[in-house]
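Student: Grabbed the feature section from TrEMBL, which reads as follows:
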- 36-485: domain 'Major facilitator superfamily (MFS) profile' (DOMAIN)
- 27-49: transmembrane segment (TRANSMEM)
- 103-125: transmembrane segment (TRANSMEM)
- 131-149: transmembrane segment (TRANSMEM)
- 170-187: transmembrane segment (TRANSMEM)
- 193-213: transmembrane segment (TRANSMEM)
- 289-311: transmembrane segment (TRANSMEM)
- 326-349: transmembrane segment (TRANSMEM)
- 356-378: transmembrane segment (TRANSMEM)
- 390-416: transmembrane segment (TRANSMEM)
- 437-457: transmembrane segment (TRANSMEM)
- 463-481: transmembrane segment (TRANSMEM)
Amino acid sequence: MKNDDVESPLLAAAAAADDHHDNNHPAAGSSFALACAVAASLTSIIYGYNRGVMSGAQKFVQLDLGVSDAEIEVLIGATSIYSLVGSLAAGWACDRAGRRRTIALSAAMFLAGSAATAAASGYAALMAGQLVAGVACGFGLVVAPVYIAEIAPPSSRGFLASIPEIAGNSGILLSYIADFALAGLPMSLNWRLMIGIGAVPPLFLAAAALLAMPETPRWLVLHGHHDDARQVLVRTTGGDAALAERRLQEIVSSVKESATKQQLASGGGASTGVWRDILVRPTPAVRRVLFAILGLQFFQQASGVAAMVLYAPRVFNHVGVTSERAVLGATVLLGATKTASIVVPLFLADRLGRRPMLLSSAGGMAVSLLVLGFSLRVSSSPSPGSGPEWWAAATSVAAAAAFMATFSLGFGPVIWMYGSEILPLRLRAQGTGIGTAANRVMSAAVGMSFISLYEAVGMAGTFYLFAACSAAAWVFIYACLPETKGRSLEEMEALFDAAHPSSPPPAS
């Protein structure tokens, strides 16, 4: 059982053939970490597909099953509430069962949730299917960033930690393409196929988790498997045994220091101690870390990205785009733009740093949302005797695409990267779960209130509010977040302990 914690059968078999070749070749270690990150990111592809597919499917669900606007608003928003439950449970599962087994568990839930939703014959069955899928989404949002942050070498952690966001956006794009391609089928079949396709990828994810992924060295050290952790570190350093040993000792020291702090704080159990260290009696450093994580997660969703992902067809209908294929085509454009733009942080996060990318992203989001709000206002109040201005419709689509692009430059991937790397090892899984829970609460608030909000203050007014939140996010990042580029995970607590949140980032 001990060896099963470190490497699965496929990797163990490959290791014997590759060990000699990998010696003194750090690139080989990076390739190994890259393969692990890609496998873990299948979780994010499935999450993205489940998240985006209802954008185009909701209209057909309403017509086929007689679901009202209010019910569809609750159905979509409730998925985020369910994922809140999943994100909190995922932290516990990651710590107890391990990161790898938790990935396999999330795959099983994704499979069951997609299949149940696709087979639903009424609103109650839809809610039940989305309950299972939503919990799976919460698991996926937590476990992939934690796994990759812990398996990745410091020099490429920014690159690898961006992969889940790219995968998530790819999943959203695939869901939009599926909606577009299947919309012409009979109404009783098209939405079921749109949703049911999401049950296929979890099979591959479960196989990857059980057959081709190692456990993370930090989890292994945390549970006393030092030799197993050393083997994984040797693989992720390209066979450099000295470097692997040095990193192992850093992890061991971090675990011992964290355990000492827990013993001084309380004599309670490990799980109780983790929650106490996070919520009841956090150190100043942990308090600053939590403030940074919760602030970033709040502003990510307060920018209105969930509204664009879930309700883009309604926004385009409002601006005068009425053709079904044109609306779904414009939605595919948003997904393609978001996915293409997400590649940029993959290469720049470790060069430019986290702060510059987050600041650029927040500024671009605020400007594009202002332009979108203005074009929506023009289209809703045309001059007497004329219809909606054609240029306003074009500007709305362009501004929405610009928002998706600037969001993907920083607020999409970098927030998850930043949050997963600044938490101390012992608090990482539960702390990531708390941050994800905050994200899901805000996502649910936006998803469940968007229709009611734009009916109350107008579509333009709604996007002006999102623009104001994006501007506030820029101020928060500038004032509160230090730079983490190039630092090991074991240095993060000292960084937040030494620097006041409003101080400039340390030189890298």
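Placement of Cβ uses the backbone N, Cα and C atoms for every residue, glycine included.
Whatever TrEMBL says is automated annotation, not expert-curated.
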Student: Do the transmembrane segment (27-49) and the transmembrane segment (131-149) share at least 3 Cβ pairs closer than 8 Å, excluding pairs fewer than 6 residues apart in sequence?
Tutor: yes
Student: Is the number of Cβ-Cβ pairs under 8 Å between the transmembrane segment (390-416) and the transmembrane segment (356-378) three or more, considering only pairs separated by 6 or more positions?
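Tutor: Yes; at least 3 Cβ pairs under 8 Å.
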Student: Looking only at residues six or more beyond either end of the transmembrane segment (193-213), which have a C-beta under 8 A from one in the stretch?
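Tutor: For the transmembrane segment (193-213), the list is 8-11, 35-36, 39-40, 42-43, 45-46, 49-50, 53-54, 56-57, 60, 100-101, 103-104, 106-108, 110-111, 114-115, 117-119, 133, 175, 178-179, 182, 185.
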Student: Please check if the transmembrane segment (289-311) comes into contact with the transmembrane segment (131-149), where contact means 3 or more CB pairs closer than 8 Å and the residues in each pair are separated by 6 or more positions.
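Tutor: Contact criterion not met.
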Student: Where else in the chain does the transmembrane segment (131-149) make close Cβ contacts, counting only residues six or more beyond its ends and a cut-off under 8 Å?
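Tutor: Counting only partners 6 or more residues beyond its ends, the transmembrane segment (131-149) has Cβ contacts under 8 Å with 36-37, 40-41, 43-44, 46-47, 50-51, 78-91, 93-94, 99-100, 102-103, 105-106, 109-110, 112-114, 116-117, 157, 160-161, 163-164, 198, 216, 416-417, 419-421, 428-429, 432-433, 436-437, 439-440, 489.
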Student: By a Cβ-Cβ criterion of under 8 Å, what residues six or more beyond either terminus of the transmembrane segment (463-481) are in contact with it?
Tutor: 291-292, 295-296, 299-300, 302-304, 307, 354-355, 358-359, 362-363, 365-367, 369-370, 372-373, 376, 411, 418, 453, 457, 501-502, 505
Student: Across the whole of the domain 'Major facilitator superfamily (MFS) profile' (36-485), what does the mean pLDDT come to? Round it, please.
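Tutor: Overall, the domain 'Major facilitator superfamily (MFS) profile' (36-485) comes to a mean pLDDT of 86.
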Student: For the transmembrane segment (170-187), give me same-chain residues lying six or more residues beyond its boundaries with a C-beta closer than 8 angstroms to one of its C-beta atoms, as numbers and ranges.
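Tutor: Distal contacts: 44-53, 55-57, 60, 63-64, 193-194, 197-198, 309, 324-325, 328-329, 331-332, 334-336, 338-339.
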